[in-house]
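For reference, the structure discussed in these notes is given below.
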């Protein structure tokens, strides 16, 4: 660390000299020598050190971190030694420019010639790093872009081009000279961005000097120069990096998308090939003769082909230029009389929409997936093929469009998230380094303190970076001495060579501006100086105080740099050090701080100069975040605080020399932080002084008193309330403007505007007086207000000069002032602000992409649009969408980004050829729309959190508006209470009721029928939020706490933006909590509390735990708890619906029952009929159930209760609901013609009504009114039954034809809603939706506010300008403005009645109409007509002219970006967020599990669901066995998959117009494949026998094979009546899913499919809900729009005449497609658009629509289906995708366990679940990664300590568990999980053989080793004895005297016997070598055999002979051991 503590200043930077280069070379040589040694070590298996990495904040092109200080001026632009230690062994040097940007260069020779010290290269480096150089290049590029955007450049621009080329050449030359060309790192071509420069220059010269024909195509490449901006601006590089990363991540999704689209395209090809060419052709007659000519309408054609290809003979669709398609199937479109359906001409849309070949089918499917103009394709296909094929489109839309497109979003979002995490990790890394540095400083500081050294006095001088060098030198010497001192224990000493690397002074620290980065994610970090705080949640607890901080937070500052060390009074001790802080010292500066304009906070009460300890001076002031807006100068609401140290105290420092010691590093850090603070300053000090002098007005006492009074008024909450009301009124006034206003109305609006302008000006003036300008302009809102006021005043001044409606638009910004008091709007604006901030670079990238493609389009296609315009435009004018000039090219690209690409692409393909257009358009679509826009959306979602949406204000206090409202409420409450008391006083003289009666009348509500205890959720409910209130005042006559009172639980009130602000000043939070806890304790202890106000009663206690009296026995009560009765007919109990947590626990039911023993009757009893209030007010409601009439009534109720609760009753009601809903579907336009059905339906309707009324009455009697009417689902039932009842009564009385009754009848369409509560799946979804409704409504409201601004602006711009004069005879085409100029001329010319003035149906004539227009623009449906009208508009009621107002397009572009893109996507954000919140509420273990635990839990979950399978036994027959071996090989499967894919390819080759030869060949190929697959099937059946049918895949194959054979045989019949039999072959593609498991590389795709599988159940529920919504709306549509005129989107097939047709229309607009076309005819109100008197089949008249009903119908449907339900679908996919990705990144996946069991089958063919210990090693080696343990693996397996059962067998669970543990690592949770798993496994496999381990692998090894040790020891012992005995015998034989047999060591026993034998046999003289090595020691076996009686070794202990064989006796070895 000593290295770290080098001083700052010049010594950090050393010039790069030849010596430096030599030093680097020396280090490189050393490293190489070390490297060879290291590689040797690694071969020996020693751990390698972690390789060093380049430091992130010292990377090239980053700014030098502040800690390194400022380089001296003379070193700027000069080569310096590299600061990053990573490059210490590489030939590099760095250069810094004035902006301290790092440039890194290679120190090798550039171009072999120029060394780093060559003057030419130095000059080039100086130029390159200079900021002016990059500015010059930037300006050149921008100028070049301007020139490129000219569509018809003048001739002189050629010379400008040469200039540009010269500048780019010069740039590249400088770079090459400075960096070198390409050989080494950091040279020119090593940077990919330079490749771009290089290619641009090469292209420029190539086009100039070589003639290459089509120059415009090559000129197009020049547009790539725009990309150079990215290489110049470093911020863009990172975003592009993120884009490239996300594109890489998209690979899997792209593969899956292409695969799915290919499958769907194949299906489309087979189903619809050639269908779209069927047209309605005029009838003709064939003329007799040989030439085949035909005649029609008296005209003769040469041949039938010529006739069929003549467009004049086709019938056109009504009101369009499209040909009417038709089909030959029964439900396809039909032709009118005089026409027949024939295959003729080309396909629709210039021939580009078709399924005639695979390529066109694929394009059609891609278009379907991106949902561009898909309704057109849908209508064309259904008209030509039949309505049944709606199913195909549903599949493609739901699987393709919703799933795949959103997967792309999910992947891009995840890539962004990962990058974000990486940024956070990088900052954490820096922080860690910083912490290490701080530890070091602390140690040094403590060391100095112990020595008694003054550690502070340095700071004054040496905090300055200009401290003299001599000081630095002296300090570094001193530090060297210090760091080798005893206190540090030598731990921090570094090798000498390190301290010599001077330039790398602060390497270990490398702290950047990361300090103040606010974009980080919040996270808790102890001792962190990096504040990870969400931008929008200011926290007051930066320095903890008791009031608003937790212990954890204050603790987190313990080691923080920014908190002063505890203060100490100097009087106690002169010696500086750490001690206790001064008593009562305030650390949190909330109450006593001021903020200056720089955001620096001074603590006013932070102690005086004497009270400051040395510690507090280590740091100068630093602010990490700017303080938020302050309301008053003296008050600083929650925000980051900061302490300003006082002047240093010099007392107590005796040693003069101490002033020059230590803390150099502290000065480094301090000055770095000081610089950081300076960088945050908003204004320089001189401005600061000026502002404080002139902008704070405190002149005289009179002024001050006026100021105080004004302040009192202005700052009062009521002033805010008044201003807010004025804003709302002003907005209302602006919204009242409309077309055709009367003069009086207009004048009123103008006066209103003047008044409001006056009010807002006055507000601003008074606020400036009250606050002084200095403080007024420190608040963002005030600045905003002042700007708007100034603009309003400007507008007043300028309005006389002309119509400046643009300035009027600025008034609209006042609406945003609402955000101040409306948190949701505020949050939303912040979200958009944050996103736009974060999106700055991304927006720039998008702009560059749009620019590039616009220029490319203009260069490539521009000319073609003008030359070949006749192909796409009948009028001869240029079409609206063309690429002739840059603006129009930009519009086309923007339109593609909006998702509309296909129509403009058709035009392009017509004029410019197919290939190039396809390439450009699809590139823009994929890059721009799918990637960049999804990245936008990902950023938007990431800055979104609904916690903020519902949170109150940031500082946790109420804002002024809420205070004002609370005051008003308090006033009203006071008035109410006073009035109440007064009335009670008057009534008090009445005699009281007897107490007994009062008590009795109160009993029934809660206690009269004792209930079973509440469910666990209620019992364990968390304490309610602080919104819960208890009324303090008691109402008279409510009894006392001693009375028998009901236990009632208040429900937590729902949150809203302006909540009931009852926590007023008089009722503080503390007392409130005391009160509630007191009441809670009363309840729990069995006491009773007074009843609350009715609205606070809990439905929980009344319903959930009700359903009658519980029995006295505790056991029964327990049973009741487990199976609680519920009212299924009414759906969910309110406990689910309303209450999240109740405040009080229920009293113990057993105690209650003891109190009232006589009521413990049957549990299945109903509740009371009436609420307690009713009983109290009407005692007659109280029935005595013990007497005769009451008893009968009670029995009746019990009977009804049993009926209603019976499951059969519920089933019957569901059946009736479905029947009645189904009956509604028959009430269509043809009902009058079908008399029988009509009569049947009438009777059925009556029957249903009676049944439902009966059900309702039964439920009333059974449940009582109280329970029935406190349940939302029951209310729904009640209302729907009422509608049926009223319509039935009206029918009976003959009022059926009355208008109101008719409209009431349409409400019967709501009947299916009753099914909601009965179907669990739908109810779950609805509950989730209901939970999200508050947030959704919030966002909807905010969207409406946003849109209001655009709508008012639209009214200002376009009101009255959308009209035009039309000539009816010319087919509704507007006349030229030269003929008719305006509305009055049109009316005056209208003599014949053929001219009339009309308006575009959707216009901006008022704000309401504007909203509808904006909805069409935002959903991109019908927006073209609106835009065209706006662009063509000239003036008020003037005839439009083609593109007269061209730049009005910009209004729509801006609206689409802010109004559509941001606001509509917020819906996804809100819904996802709500899902997550609800998950948190419901989520159990997920939230309480650590990441580690989750990992184990998931692995175990997968593991437990598997068990070993018995493999299919191999046949005994030799041939069958051979086939079996082939069939079961993986290669066989892969081969079959390959053949399937090949089969698909042959299917792709088919086209509609193929030749007979091709048809023949393909048929034969098909037969071949059918034969192959049939063969496969037969072979498998032969090999696998009856086991073949045990596998579902095999059954699937079998069915497909049978179908293929049938299809081939009966192809003609099937094709004629059904569809092409080749479709069966497509089904076979499903088998590809099977092979994905085998391919390791397909893991990503498996994850995606897994995400889909996980989503399916939820998606099914959402689909059901969507179907229900569609059903209801289609019934409404049939009732209201059946007879609407056919035009636009409504025709003979797509209409509301029948249920089926309505469903077709509604499915189409579920994705919002074509809803404008369906709405258009409904907006017709009278002639000439429709005929109000046309008679209809049901007796009504007219084919006009009803605009109000139509608009309501379509807008609500779009909001419900498109914005909510479809977004729920998206939310689920995103959620499951992240879950699936998590699963796939887990170390062990499902596949790994599958693989384990597959291998297991081979080792355990009988599925005994055990394998032999001997086989374990092979088994472990046979597995695949990550479970595999490769051989040699004996030791690893032994260490696993696996339990073994008798017979040396090991259980599969034990093995799997051990292997899993090895992969996941050790963890404390493993044991608990193991027990769980074993229990689970036992339960799943009851047949398991008794499992009692007798030993383990480790114990077995221990035993073996022990045995070996014992053997060896015994052998050695024997050997020693033998040697002794041999020695004795030898000596004896040699004739030593005195040796008798008695002296022998071994007189008897085996050794003596054998030795004596040996020696006695010898005849010759004994030599030393004659002792046979085999003769002794005796073998172990013989010893044990002979002496088994007397030796304590049992052979049975070593059960296996191998153990002994392992260790053969080796005398040599033993001899050595003795020696």
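Backbone N, Cα and C atoms are what each Cβ position is placed from, and that goes for glycine too.
So that you can see what the record holds, here are the features copied from Swiss-Prot:
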- 36: phosphoserine (MOD_RES)
- 280-335: disulfide bond (DISULFID)
- 457: phosphoserine (MOD_RES)
- 460: phosphoserine (MOD_RES)
- 483: phosphoserine (MOD_RES)
- 484: phosphoserine (MOD_RES)
- 497: phosphoserine (MOD_RES)
- 510: phosphoserine (MOD_RES)
- 539: phosphoserine (MOD_RES)
- 571: phosphoserine (MOD_RES)
- 664: phosphoserine (MOD_RES)
- 667: phosphoserine (MOD_RES)
- 699-971: repeat 'II' (REPEAT)
- 908-917: disulfide bond (DISULFID)
- 1189-1503: repeat 'III' (REPEAT)
- 1505: phosphoserine (MOD_RES)
Exercise for the section: In whole Å, note down how far the CA of residue 280 (disulfide bond) lies from the CA of residue 917 (disulfide bond). Expected result: 31
Practice task
Output the one of 335, 908, 917 that, of all these disulfide-bonded residues, has the highest number of other Cβ atoms within 10 Å of its Cβ.
Solution key: 908
Completion exercise
Here the recorded positions are 36, 280, 335, and the Cα closest to that of residue 908 (disulfide bond) is found at 280
Completion exercise
As a whole number of Å, the Cα atom of residue 335 (disulfide bond) is distant from the Cα atom of residue 36 (phosphoserine) by 87
Completion exercise
Cα-Cα, residue 280 (disulfide bond) versus residue 36 (phosphoserine), nearest Å, comes out at 84
Practice task
Among all chains shown, work out which of the recorded positions 36, 280 has the most CB atoms within 10 A of its CB.
Solution key: 280
Practice task
Provide the three-state secondary structure of residue 917 (disulfide bond) computed with DSSP.
Solution key: helix
Practice task
Check residue 36 (phosphoserine) against DSSP and tell me helix, strand or coil, would you?
Solution key: helix
Exercise for the section: Determine, from DSSP, whether residue 908 (disulfide bond) sits in helix, strand or coil. Expected result: helix
